[in-house]
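Asker: Pasting in a structure now, in structure tokens, and then I'll have a few things to ask.
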Amino acid sequence: MISFSTCSGCWSHVGRSSDGEQSLSLKAPGCLGLGTTLHEMLHALGQWHEQSRTDRDDHVYIDYNQIGVEPGDANYGKFSTRDLNPYDYESIEHYSLKKGFEALQPELGFLASYGSGLSFYDIADITDAYKCAEKCVNPPECKNGGFLNSGCKCHCPYGLTGNNCDSVINSGVCGGIIDIVPGEKEVISSPNFPNNYGVGMECVWLLRAPSSFHVRLEADVFHLPYDAEDNRCYHWLEVRYNLPGQTGIRVCGDSSGDSWVTSAWGEKNLMLLIFDSEFGKLHSPEKGFSLQATTTKDGCIPDPCIYGVCKDCENQAYRCECDPGFEGQKCDQVKASETLECTLEKGSKCFLKNVKNDEFDWNIYAGPTVSDLTGPESAAEGNNYMYAESSSPRLPNDKAVLQSDITLPAEDRCLKFYYNMFGAGIGSLTVKSASNVLWSKNGNQGFSWLAAAINIPSTVNLQIQIETTRGSNWEGDIAIDDIKLIPGICDIPVKSDCLLSATGKDYIGTLSKTKNGKTCQRWDSSSPHSHTFHTYDNDENYCRNTLGDEPLPWCYTTDPDDRWDFCEIPHCHIQECVRSINGYDYLGSKATTTQGKTCINNEVCKGSGSGPFPWCHVDDPIVNWDTCDIAKCTDTPKECLQTGKGTDYFGSTTKTKSGSKCQRWDSQQPHEHNYWYLEDQENFCRNPDGSSSPWCLSTDPTIGKEYCDIPVCDYQGCSTNPCLHGGTCQNTLNGDYTCQCPNEYEGDRCEVKVPSVDECKRSIAGYEYQGQLNTTIGGFTCQMWSSDQPHSHSKHDQPENFCRNPDKDDKPWCYTTDSSKRYDFCDVPFCTTPAKQCLQSDNGIEYFGNVRQTEDGIPCQKWADQTPNTHSYTYISDQEDFCRNPGAGEKKPWCYTTNSDKRWDYCDIPFC
């Protein structure tokens with residue numbers, strides 16, 4: 001007997017717990033709903049939670065840490081259950097999903113919540129467990145997913161009828177049962193297709209394949225009315241591909257190209273389609289749909305081919321026909337030359353997937369996001385984009401992470417995409433490779449879509465992550481679109497022709513004209529102007545200020561009447577944002593207006609002076625100018641000058657050079673002025689009029705305008721984009737920066753090209769080998785040179801576990817990770833390409849050219865000879881008498897000479 005009480009929450013024992021009265025609690029008011037009541041009563045009948053079934057790991061993902069419970073929890077634990085019917089997301093015993101408790105078929109996750117009644121399979125479970133139909137005499141044979149109920153009749157999935165569930169409702173008007181022959185196609189169309197269907201209709205199709213096959217359905221044409229703003233179908237096609245008795249997904253809108261395959265968890269050879277134009281009969285119909293139904297076998301379910309097409313084979317095997325550029329058994333390995341794309345359009349594949357161990361997910365969307373004042377109005381390209389919704393229940397610092405899901409070869413790559421970060425509560429968008437931050441943006445970046453191009457350095461087992469962090473409030477939707485991963489480094493403009501500091505001391509660009517357009521004189525020349533600045537003699541005629549003796553880079557001119565002048569070079573640090581009310585401080589490079597028009601005559605949007613907005617001239621017959629949408633800067637302004645005039649200075653200095661206190665900009669006393677657009681700038685020094693430096697009006701009635709004493713910035717970190725050749729900049733704690741260079745470059749700013757490393761050798765001993773081979777001839781893996789396990793040694797200065805020849809042995813070798821094999825030789829092949837006749841590095845260890853005399857023209861002695869000079873370099877006796885630098889022991893290639901009075905000397909070899 002069940003005794004109902006209202007004392008302590010919603011609970012029940014599972015099954016019979018005693019011979020006497022058994023309690024079931026339904027505390028008012030929260031536990032008295034029909035769904036909760038049925039949930040607890042089903043427990044009393046012996047039913048566990050659906051997510052506690054023995055087979056639950058095939059259907060749901062549970063992370064106990066994320067949901068805050070222990071593995072043996074009574075609500076989420078996995079128990080040994082007697083599963084008489086398929087796992088049912090729609091069961092009254094299934095908990096609602098959340099982060100950390102997720103459906104492995106996410107498109108069916110909407111079913112997992114307390115309903116208002118028992119599901120089809122809940123009734124089947126009760127009927128089976130209590131043998132309700134056991135005493136039926138001559139019962140009917142229930143087909144197509146139906147089961148025998150306590151009334152000895154077939155209980156059919158919705159849409160099916162008849163004594164045996166072998167017919168569909170409304171079969172005389174539309175719909176029907178379609179048996180699919182393997183290897184053939186069946187077409188299912190809406191009534192009157194390709195013309196508009198009628199309203200007030202309900203049509204049911206049952207698609208059947210032979211018992212060993214699945215049913216596959218593809219939408220060739222699909223147009224049903226849909227409200228995108230409310231995400232609501234007016235007319236729909238319900239596709240029951242998981243279980244025939246379980247509610248299916250509702251498909252509407254433009255769904256051409258979508259496809260569905262029956263799952264393996266129920267009757268895999270049955271799919272039920274229910275078309276409804278009755279519920280929304282007040283809305284106009286559209287063209288409808290045309291679908292193709294075929295069969296497929298278990299080998300391709302679920303589809304194992306990541307970038308390819310699955311083909312059935314015998315005995316449940318499969319074969320993947322890979323798309324161009326992909327390989328591997330599952331087409332999950334990309335060739336080095338292949339470009340990967342995420343267009344996010346229907347039917348397309350994406351190499352980035354949501355991870356499970358974050359707080360929320362990225363979602364594909366079309367049109368404006370659901371929140372006003374944030375997010376894009378539409379996609380950057382095509383119809384769809386991906387965005388992270390920042391509204392409740394999201395909290396500040398919650399993260400949503402996308403991660404690449406395929407194997408990428410170790411090659412330099414360029415990641416390009418569009419991003420939109422519009423809203424007052426924007427957080428951050430970050431691109432990572434492993435734990436390395438390669439790119440990041442913070443705060444409001446304006447209404448428009450912006451383009452990003454990021455170099456991804458060559459990495460073994462590369463994984464790329466795109467991470468968004470939720471900002472301070474709900475006005476923080478961040479979107480991305482049209483993502484591409486392209487082989488090679490990005491074609492990013494090298495910002496060497498801009499100034500990294502206010503005075504341009506670090507300028508190494510190639511501008512060779514003054515601000516007035518005059519050509520610069522060569523520094524190593526004294527004509528037409530003699531001078532003493534020959535420290536710049538190697539800089540041709542480029543503008544320079546390395547000595548910092550002038551406020552900006554300069555040069556002597558080739559005009560005899562004009563000795564020298566400054567050069568007009570932009571500053572690198574300029575941000576694409578403004579801090580002033582009217583944007584007078586904008587010094588960026590945006591050339592597109594608010595209305596999407598392009599600025600003419602190579603103009604860019606410019607600060608407006610006394611006008612209300614940044615603007616530029618446009619080619620329009622009605623108006624000749626348009627405003628520009630420039631985001632507000634969200635970072636903390638610097639307390640130093642980043643440009644010569646300090647137009648973008650927004651620090652907190654409030655005194656003039658003479659020590660006089662500045663007048664407030666929102667005051668007209670003691671001095672009247674027209675700088676209304678500085679009314680929010682208190683009494684800080686500013687430069688709104690293009691003066692030589694920031695200034696203010698003094699509170700002394702006798703002084704008026706006076707300049708302020710503001711220091712020049714020493715370091716500006718990554719704001720100056722100092723890294724050349726596509727290098728990635730990272731700020732340091734002292735305000736400086738470091739550059740992470742692409743493989744082809746090195747140096748503080750990636751300014752030095754690195755010689756290419758050949759995976760081959762040109763000498764028998766392989767003394768020059770600098771490659772990454774780490775497996776020996778015997779198949780042993782090389783031990784790390786920095787390690788003494790399993791073999792102790794003294795050669796710890798060699799790189800990682802790569803084969804090397806540090807002791808002049810017969811060929812490259814390494815210690816092995818096998819304790820029974822101390823070392824082994826490596827099989828490094830000989831190079832087949834011609835050697836370069838120039839130096840690719842400073843020391844020239846890689847040089848294998850044909851120069852055979854010293855800088856003074858003395859012929860070289862053969863390395864195999866010991867006369868006239870004896871030596872210990874017999875291990876390179878195969879190198880004849882060519883200049884070499886074995887072991888990089890000298891600063892550049894050299895040789896022993898044939899002159900007994902000159903033992904050895906360097907060789908004169910040009911750099912590549």
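A Cβ is built for glycine as well, from the same backbone N, Cα and C atoms used for every other residue.
Any TrEMBL annotation is an automated prediction that lacks curation.
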Asker: Of Cys599, Cys628, which cysteine does TrEMBL list as the disulfide partner of Cys605?
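Answerer: Among Cys599, Cys628, the cysteine that TrEMBL links to Cys605 by a disulfide bond is Cys628.
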Asker: Which of these links to Cys165 by a disulfide bond in TrEMBL: Cys156, Cys174?
Answerer: Cys156
Asker: Just give me the nearest neighbour of Glu40 (active site) among the recorded positions His49, Cys628, Cys826, Cα to Cα.
Answerer: His49
Asker: Among all the protein chains here, how many other CB atoms are within 10 A of the CB of Cys741 (disulfide bond)?
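Answerer: The answer is 24 other Cβ atoms.
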Asker: In the same chain, which residue numbers or ranges, 6 or more beyond the ends of the domain 'EGF-like' (128-166), come under 8 angstroms Cβ to Cβ?
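Answerer: Distal contacts: 45-47, 84-85, 120, 177, 204, 206, 208, 240, 243-245, 266-267, 270, 272, 274.
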Asker: How far is it from Cys165 (disulfide bond) to Cys300 (disulfide bond), counting Cα to Cα, in Å?
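Answerer: So the alpha carbons of Cys165 (disulfide bond) and Cys300 (disulfide bond) sit roughly 29 Å from each other.
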Asker: Which of the disulfide-bonded residues Cys142, Cys300, Cys605, Cys685 has its Cα nearest to the Cα of Cys826 (disulfide bond)?
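Answerer: So, of the listed disulfide-bonded residues, the one sitting closest to Cys826 (disulfide bond) is Cys300.
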Asker: Counting distance between Cα atoms, which of the binding-site residues His39, His43, His49 is nearest Cys132 (disulfide bond)?
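Answerer: Comparing Cα positions, the closest of these binding-site residues turns out to be His43.
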Asker: Least buried of the disulfide-bonded residues Cys165, Cys322, Cys708, Cys826, going by other Cβ atoms within 10 Å?
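Answerer: Across Cys165, Cys322, Cys708, Cys826, these disulfide-bonded residues, the one with fewest Cβ atoms within 10 Å is Cys322.
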Asker: Cα-Cα separation of His39 (Zn(2+) binding site) and Cys708 (disulfide bond), in Å?
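Answerer: Cys708 (disulfide bond) has its Cα 75 Å from the Cα of His39 (Zn(2+) binding site).
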Asker: Sorry to bug you, but what's the C-alpha spacing from Cys605 (disulfide bond) to Cys803 (disulfide bond), rounded to the closest Å?
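Answerer: Their Cα atoms are separated by 56 Å.
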Asker: With an 8 Å cut-off on Cβ distance to the His39, His43, His49 Cβ center, who else from the chain surrounds the Zn(2+) site?
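Answerer: What remains near the Cβ centre is Ser12, Val14, Glu40, Leu42, Gln47, Trp48, Ile92, Glu93.
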